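Student: Below is the structure I would like to discuss, written out as structure tokens.
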Amino acid sequence: MVTSSMSCGRLAGWISATVLLQILGLWLFVSGFFPVKPTVPGFSGPESYRMPTCEDVLVDERRDLLPDQLAKMYMDLSQIPPAFDRMILMVIDGLPAEFVLGKDGQPPEKSLMEAMPYTQFLLSERRAIAFHAKAAPPTVTMPRLKAMISGAIGGFLDVAFNFNTQAFLDDNLLDQFYQIGWKLVMFGDDTWIKLFPSLFRRYDGVSSFYVKDTVEVDFNVSRHLEVELAANDWKLMILHYLGLDHAGHIAGRHSLLMTSKLKEMDDTIRMIHTHNTLNGDDDGRRTLLVVVSDHGMTERGNHGGSSYEETDSLALFADLWSESLVYAPNMHNEVFQVDVASTLALLFGVPIPKNNVGVLLIEAFNSLTDEHKLRALELNSWQLLRLLQVHLPHLLCRDLREGARSGQVLQSNEYFDNIEEKLHHLYSKAKAAHTLWKLSERDSSGRSENSTNSYNAVASYYDFLRYGSEWLSHRATDKPMKLIFSGVVLLLLSSVLLFYLLFLQFKDHGTERKFGSALKNCSYVWHLDETFVSLGTFLHIFSLGASSMVEEEQYTWHFLSSTLCLILFYMTMVSFLKEQKTVSVEMKETKLDLHQSQITHISAATYTTRVILMKPLHTYFQKYSLLIVLICGRILRGWHQGGVNWVHLPDISKWLEQASSSCMKALEITSLLLVIMLSLFALSLLKSRTRYVLIASFGIVVLGFLVLLHIIENQPVNRSTSIAQIFYFNFGILVFGTFVLPPWILPLNFQEHTLLMKKSSNSHSSAVKTDGVLMGIQDSLYLVGVMYASSWCLLQLLLQQPVNAIPMLLIFVQTMACIIYFSASGHHRQLVEVAAVYFLGMAGHFYLGNSNTLATIDVAGAFIGISSYSMVFPSILMFIITFSSPILSYLSMLVCISTKDIVSLSLPERPDLSQLLKLMIAFPCLLPLVLNSSVLTTFTLILLVMRNHLFVWSVFSPKYLYVCAGTLSVYIGLYVVAVTVVYTCTVFFFRAKLLKFGNS
Amino acid sequence: MMAVSEITTPKAAALHLLCSLSLLVVHWVACNLYSWSLITHTSETLGLCLIVHGPIVIGVYSLVRRDRQHCSYWMAVARGLLGLPVGALVMAFGAIVLGAPVGIRYLKRTAYWSLLMSIFTFVPPACVFGSSRVDWHRIFAHFKPEESLDALVSLPAYGSVIGAWIGAWPMPLDWERPWQAEFSCVGISCTVLEARDHMHHCGVAALSFRVISIREIRCGFYHLRPLIFLVQVVSCLHHIRMPCTFVPMKKVNRG
């Protein structure tokens, strides 16, 4: 009957091979798409004023220094007199440098020139210098601000691994300033406050949420100016204007709004520039005005990608004190945004941040002498060398000083293929040129020669700095396409293989189904559910291409799962209509059919008896269990207003949070009791001996009691760890016990069945024995599955937020009701059954308040019962909390498997272990893998296509992390299922064999 | 079984024409006389639809009732009126389960919509077949109708259910940009296109369903979202960056 084209072992081998292939492909893609650049931890200190050596020893010498002493020490060490004392950093969000500087050597359009008269005046009078500062993608505000103040180009994963704190922890200018005792004030975009929650003495953050508002956001910044400019206490003032960016978003790059906004910005610059207190006060305190933009904008006013319009941001330096021509005439310099960091660090005499890849802008140092300029370049080179050393550990172990000795380095200009050699050569050359300049300076022979030497030194320093900087920044931003594409190809390959395996299973199953189909001929409605499963999967995958649909994915899942349930309900109603019509006739037919089929008449007879016995119960269950699933689903949907854009709408959880805590506690306890009762009820359904069931029930009750203790004792401030730890311990023992013991303990079910068989026909004993084994396996799997699912739920009740207690209960009820429905109805293929459980699991993931942003991850719950800080356990707990519902659905596949009538359906007289296993777990394991891999592969492709999309970092990449973690949950859940089933079956067959030997 | 063809083709065509015409009239009246639309005056438009379309459907389908010997015309009308609230309950259950908002505020809309859907789906078979279980089973279990009378009853019902389902597909876009508004015109013409053949209820059902079910997520109210969705996805895939145009809402996501 079963024409097994592929044995169970081979199938398992193939599946594991494809899974491994998938993991490999995923790893390749992730490591290619999210490059993790090695960052140097810690903050730069006095060591940055020393030449780096081969073995750099990090000694923190600042520890016991007061801010003033530290500032003094930095000044002494750097040997550069600080050019300025105070700084105003004015960030104009989204201002393209083209508006101020023009493009390709051409001045900007006349209207734009006229919109910013004062800025243009400053530039033409050479009292300010401006650059096209090329920003690195993603051109959105937060990463760009980070780049400007740390000089580093960050990757996506450092944000993701930062759990959900957005605070900036790497070395950066603001922290450096703060350490030398500066007072910082900030007005404008609240991104700054997110980055530095405790740094600013005074601040007023404005949110950029209401994009339509272009006036208020800027007024809220400017209204502080009058007071703050007169104030004397701050050393750094940050002004972040959002209005221009908003204007761009509303009406594009060339709108009328833009001109008026530019005018407003120009007025602000004029106000600052002409303000009395800043124009060099009595103490000779000088203020530097830095006007920067974080990114540019496209023609339509958007940003995020890497086109020239978006990356073309501005960096303008204006010396407020000097009246004369300070700066060189504007040369339309193209520099990089990260250069701002090192420039400001050197201008204000703090160490350059450790991860800086920028190069100082020598034009901004015009007020300094040659000696100081070269010293600044030297300091920058040392910092860069330190960073390069992290990537190329042997770089500094060559004798760098050899260059200083030999003059020929200056001339040699050969081609280097080794990056290390090239860097080494460039640095030696710069070093030599610097020494040469020093010598000639000491001789002070001729001014002209001296200036040539200095020019040479600057140029060769620049050669080195630019080369090193570009090499470093390419390492951070370049996506190795080879890696990415090989990853994608592997993922595609594994998906295709999985589909093929599923198809093979289908073919096998199709032949097996023939007998099953004889049981109930629902020929017409049959395929509606299957069609919908494939259509729904396809639609879901398709919907992931749109950013809004990704953000609001919970609607899609709810819609799909409830539609599937409605379709099942519809089919039930149709068959109900029909059954009423011909109920007696059908019964007879069924019996007739069964008795006609010769091969499996024994098992079929068992089935018939079962059907007759269970019939009323089944129809009763069937109708109402689906209604329960549907109603629970609707309540769950109203529980959390998930997603991103409509989170503020009212929902049950918000309403509950306003209610008293005792009410919440009561709900928690109620749901706990209901979960316990439900699992006890599920256990009591087991037909075999009750003694073992009693032990299992006792375990559940103990776990429940611990959770109850935890809920009662739980104070919001001081969470008790001991109860949680006891719970984890008991949970571990119980789960391990239920995995190991039941197959050995549960009876093989001989007696009752021989009785039953005698009634129906004179069977030969071997078939009965197999039957007994199968019944035992089913019972055992049922027991294990229910235990897994209910202890998992109890674990969730412990870990989840109190507000999620009822949803957890409802999800449990839903899953159980769904399984009861499928166990009662015969006319669905296993495909639909597994898919429905999978759909419910995915919908439940969102019902629990999860979304596709990293912000909804419950970090607080991850520290329950953890006494010492470590990264591993909280991460595991976080994973358990986040993917509770999908994993629950995979675990309850065990119950699904056990309630299938494998006894009666399509088994040969003597099924061997391999065939049985294949029949049991091929579909439940393969189908979730296929569904998940189709999502994974498609979303990988989408991410690849969308890599320049505005939301690639805020929407698509977080979702990708969720998809990856979801894949992991599929692997874990299915692995548990497969191992349990294989173990149980093996043990039972072993026991049957033992029994046989014992008898003979 | 009954005779194969109880209804002639012209008769069937006339019936469809009448039903479609009544819907068009409602649309015209709502648009031009009251300047209502489903978006701004949801319950009013749905109510108007009910008042005009309901009697016509009940009256016309009662004319083609199956067992004319045993059942008078008024009997069929009464059956239809009885089927109306029953069907409405079923439809309301479906809508709420799929995500239509629950609450006093939405009660009127949900009620009107489910009554309308009931007229599209439940009332015709109730008028034609009464409570004959065999006929109901045949109608519901078989997608391919064998008799013309079955087709007359079942195809519009399936059309409206499928159309309503498509219309209810969650589309959480933020409609900020003019190009998205332009699609509403395309949507209307598509509705007209859909009104051909037996699917004449589909469009309206889709429209009406959309209105109540997605109201919750604020965005709703645009015609034929499925099409827009398709365009959006296609444009995403082709990397035209069309979705960028409505981004401002979401600038929160920077960083």
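Glycine residues also receive a Cβ, built from the backbone N, Cα and C atoms like all the rest.
Note that TrEMBL annotation is computational and uncurated.
Okay, these came from TrEMBL:
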type	residues	note
TRANSMEM	A:12-34	transmembrane segment
TRANSMEM	A:483-503	transmembrane segment
TRANSMEM	A:524-543	transmembrane segment
TRANSMEM	A:555-577	transmembrane segment
DOMAIN	A:619-984	domain 'GPI ethanolamine phosphate transferase 2 C-terminal'
TRANSMEM	A:666-686	transmembrane segment
TRANSMEM	A:692-712	transmembrane segment
TRANSMEM	A:724-746	transmembrane segment
TRANSMEM	A:806-824	transmembrane segment
TRANSMEM	A:830-848	transmembrane segment
TRANSMEM	A:887-907	transmembrane segment
TRANSMEM	A:919-945	transmembrane segment
TRANSMEM	A:960-990	transmembrane segment
Student: Let me check one thing: do the transmembrane segment (A:12-34) and the transmembrane segment (A:830-848) come into contact, meaning three or more Cβ pairs under 8 Å with sequence separation of at least 6?
Tutor: no
Student: When the pLDDT values for the domain 'GPI ethanolamine phosphate transferase 2 C-terminal' (A:619-984) are averaged, what is the result?
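Tutor: In the predicted model, the domain 'GPI ethanolamine phosphate transferase 2 C-terminal' (A:619-984) has a mean pLDDT of 82.
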Student: Do any residues, 6 or more residues outside the transmembrane segment (A:483-503), come within under 8 Å Cβ-to-Cβ of it, and if so which ones?
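Tutor: Result: 11, 14-15, 17-19, 21-22, 24-33, 926-927, 929-930, 933-934, 936-937, 940-941, 944.
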Student: Okay, the transmembrane segment (A:524-543) and the transmembrane segment (A:666-686): do they have at least three CB pairs under 8 Å, pairs separated by 6 or more?
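Tutor: Contact absent: fewer than 3 Cβ pairs fall under 8 Å.
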Student: List, by number or range, the same-chain residues at least 6 past the transmembrane segment (A:724-746) whose CB is under 8 A from its CB atoms?
Tutor: 688-689, 692, 696, 699-700, 702-703, 706-707, 710, 776-777, 779-780, 783-784, 787-788, 791, 794-795, 798, 864-865, 867, 980, 983-984, 987-988, 991
Student: Cβ pairs under 8 Å with the transmembrane segment (A:524-543): which stretch of A:692-712, A:806-824, A:830-848 has the most?
Tutor: A:830-848
Student: Please indicate, using numbers and ranges, the residues of the same chain that are 6 or more beyond the transmembrane segment (A:806-824) and have a C-beta under 8 Å from a C-beta there.
Tutor: 565, 568, 614, 617-619, 621-622, 625-626, 628-629, 632-633, 635-636, 639-640, 667, 670-671, 674-675, 678, 682, 789-790, 793, 796-797, 800, 833, 836-837, 840-841, 844, 847-849, 884-885, 888-889, 892, 895-896, 899-900
